[in-house]
Amino acid sequence: FIAKPCAINLGIQDSGPHRAQPNAILEKVFTSITKSPDGKRLEGLSKQLDWDVRKIQRWFRHRRNQDKPTTLTKFCESMWRFTFYLSIFFYGIRFLWTAPWFWDTRQCWYNYPFQPLTSRLYYYYILELAFYWSLMFSQFTDIKRKDFLIMFVHHLATIGLITFSYMNNMVRVGTLVLCLHDASDFLLEAAKLANYAKYQRLCDAFFMLFGVVFIVTRLGIYPFWILNTTLFESWELIGPYPSWWLFNGLLVTLQVLHVIWSYLIIRTASKALVRGKVSKDDRSDVESSSEEEDVTSNSTKGILSSSSNGSNRLNGHVAGGQWTGE
């Protein structure tokens, strides 16, 4: 109700990729046998239809793309996530600004585990948990990506961490982790929105800001603020509590992922600055031919220009020159 009118006002059309020309034989093969025929089947269809093999390959590519989401659909999805991430981040900052453990992390462990669960803290936690549960379920109905399994595991792990910390009453340090991770997510979605609306300079600016915030929070604040209190201050104040090893093991694993993602973000940004364009996004949800890629890659500029396949690099955090889920 809100995102779609915004997209239309920005000139985003509700039109999908190029549609394949009607062909009963190829349509039957596509729906009944295979969506990606092998070489032998392509040769047979070529003789049967008197079509060139490349023309048949192009037909199947266009036919597969017909089922892919439009730019308008992706814009609406990103706008919803941008709205949530921005709202929950400011809610978290407003709540934590008056919390004593925000300024002194040792407060996370004083009188642990007998710490009161205030209503504001409860709502902050339950909102975050509800959102990640919604992501878990909506993955099956939202835009399908090639990193579906990775994102599924990520959401599962996130829900596990939130639930685990809540059950063990580690909500104070948990709120710090949640707020820290929300700091860059809305910038990523903002860059996606600008990319869909074809405001390339704005998209590049948001991405660069996202990269800076991501690296500062995940490689600076997280290890020296969060891990310092969970690894050392907690040990000093309350000793090796039963879940210390598991909890810190999960948090350290998260830090390893932060390092990998930060490296790949820097590498992608540096390549884009040097070349003035980005390479093809292999995890895209829309396919394209080699000819189309050559033409588009020579014409698209900017750090996060849309690739020839109609997608972009802003679905999640970058990995191997491709965008994967955080």
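Placed from the backbone N, Cα and C atoms, the Cβ positions cover glycine too.
These features come from TrEMBL:
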DNA_BIND  28-71  DNA-binding region
COMPBIAS  296-316  compositional bias 'Low complexity'
DOMAIN    26-70  domain 'Homeobox'
DOMAIN    73-274  domain 'TLC'
REGION    281-326  region 'Disordered'
TRANSMEM  82-102  transmembrane segment
TRANSMEM  122-141  transmembrane segment
TRANSMEM  148-167  transmembrane segment
TRANSMEM  206-225  transmembrane segment
TRANSMEM  245-266  transmembrane segment
Q. Per the 3+ Cβ pairs under 8 Å rule, pairs at least 6 apart in sequence, do the transmembrane segment (245-266) and the transmembrane segment (122-141) touch?
A. no
Q. In the domain 'Homeobox' (26-70), how many residues does DSSP put in helix, strand and coil?
A. 31 helix, 0 strand, 14 coil
Q | Positions on the same chain near the transmembrane segment (82-102), where near means CB under 8 A and six or more residues out | A | 108, 120-121, 124, 127-128, 131, 172-173, 175-176, 178-179, 182-183, 185-186, 189-190, 192-193
**Q.** Region pair the transmembrane segment (148-167) / the transmembrane segment (122-141), three or more CB pairs under 8 Å
**A.** yes
**Q.** Long-range Cβ neighbours of the transmembrane segment (206-225) (under 8 Å; 6 or more residues past either end)
**A.** 105, 176-177, 180-181, 183-184, 187-188, 190-191, 194, 255, 258-259, 261-262, 265-266, 269, 303-304, 314, 317
